[in-house]
């Protein structure tokens, strides 16, 4: 769910997920997808594509288990297949955001989404 996603983002980046990524550029948080503008935005684009492949559960609402072990996200073994997939999507975006912190630009924290160019396909 968005709760676990937010925790993972905070654990990996040290940033408040809602404040820093909730409206970041074209693909992070709410709103329509657009052509990714920077590496951080591309992480979010790939995450939305990952969610599109999930069937059988609601990635934004359904809770799953994971743990934080030795500064690493470990998806719970007892999660059903669908939620295991959601956990892996969320883990991947959290790691991607950490790996691309150097491209994060505070001035893009709030972006008017209609200015985004047409989206790429997944």
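The backbone N, Cα and C atoms fix where each Cβ goes, glycine too.
Fair warning: this is a prediction, and the values are worked out from it, not measured in the lab.
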Which listed span Swiss-Prot calls region 'Important for membrane-damaging activities in eukaryotes and bacteria', if the choices are 94-105, 106-117: 106-117
Nearest of the disulfide-bonded residues (44, 87, 89) to residue 122 (disulfide bond), judged by Cα-Cα distance: 44
Sequence-distant neighbours of residue 96 (disulfide bond) in its chain (C-beta under 8 A, six or more apart): 42, 43, 46, 47
Nearest recorded site to residue 87 (disulfide bond) by CA-CA distance, among recorded positions 57, 106, 115: 57
The one of 28, 44, 122 whose CB sees the fewest other CB atoms within 10 Å, among these disulfide-bonded residues: 122
